[in-house]
């Protein structure tokens, strides 16, 4: 019996080792989109030793992205290497050496292990991008979207690599926020999923897993919460100021829901809720808000326009 047990343990260990060996060790990363999210993802990937290519439509955008990454790295080193300025300078230099830029995505994905998309939150545009890159990327390459609200499965279906497709939802600002939501569609292989989890850990993040459900975990809870706050205000049950104070002092939240809506952007919040409403029109949590729609129509989008639910100087 003891022999049988030892044999079973050895067999199980061997199977686990074989499974682990099948996982893709991600070394080369291509990030599509040089905005805040894309630049942040490129930064942490390069800082953790990955070879990274950051792609956007123009050299001008990429120069701005690179400058932003350099500034971000300086802020990181001030904290991380407070007593060792030379080590900090070396860290910045090493990170930047791992990072290159390109305006031609098709020409750089031929040697990449992972493509992370962080472009405009438009499903049609994302699908077109993935469909095109699918023709140029190697068979082993994993595709991932950083979308916060769109369906990963639909994007995967625009390619021939549904089993090598998942979601990697980082949070803003990427270098500071520790969470990554790793999204598994019904077609995502276990090998792909584990490779994405390993990559998330390798860049210093704490991954959580979620199925391809609207908003994944954080936004699926956060957006309906913010919308319910708007409905509470619309009904005249409480003022927006009191709702914000209540959630900060009563729930310990750093920002109230209206402050958060203004910070995120009312247009972004409306886009998300409208998309979910079209998927599940009978779900009351996804019902549109007349007040939110009115403010967006008036271009009062929050902090970025100087006025949303509150006014900003």
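The backbone N, Cα and C atoms fix where each Cβ goes, glycine too.
Summarising the annotation, TrEMBL assigns domain '3-hydroxyacyl-CoA dehydrogenase NAD binding' to 28-213. As annotated by TrEMBL, NAD(+) binding site applies to 33, 34, 35, 36, 37, 38, 56, 121, 126, 148, 172, 304. Annotation source TrEMBL lists CoA binding site at 72, 79, 148. The site 'Important for catalytic activity' annotation in TrEMBL covers 169. As annotated by TrEMBL, domain '3-hydroxyacyl-CoA dehydrogenase C-terminal' applies to 215-312.
Shown here: features listed in TrEMBL, placed on the structure.
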{"residue": "33", "record": "NAD(+) binding site", "CB count, 10 Å": "24"}
{"residue": "35", "record": "NAD(+) binding site", "CB count, 10 Å": "16"}
{"residue": "37", "record": "NAD(+) binding site", "CB count, 10 Å": "21"}
{"residue": "56", "record": "NAD(+) binding site", "CB count, 10 Å": "24"}
{"residue": "72", "record": "CoA binding site", "CB count, 10 Å": "20"}
{"residue": "79", "record": "CoA binding site", "CB count, 10 Å": "8"}
{"residue": "126", "record": "NAD(+) binding site", "CB count, 10 Å": "22"}
{"residue": "148", "record": "CoA binding site", "CB count, 10 Å": "22"}
{"residue": "169", "record": "site 'Important for catalytic activity'", "CB count, 10 Å": "24"}
{"residue": "172", "record": "NAD(+) binding site", "CB count, 10 Å": "13"}
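Taking the Cα of residue 148 (CoA binding site) as the reference point, the closest of the recorded positions 126, 169, 172 is 169. Counting residues of the domain '3-hydroxyacyl-CoA dehydrogenase C-terminal' (215-312) by DSSP class, helix then strand then coil, yields 64 helix, 3 strand, 31 coil.
Distance noted between the C-alpha atoms of residue 37 (NAD(+) binding site) and residue 72 (CoA binding site) is 13 Å.
Reported as a whole number, the C-alpha separation between residue 35 (NAD(+) binding site) and residue 72 (CoA binding site) equals 13 Å.
Considering only the binding-site residues 33, 126, 172, the residue whose Cα is spatially closest to the Cα of residue 72 (CoA binding site) is 172.
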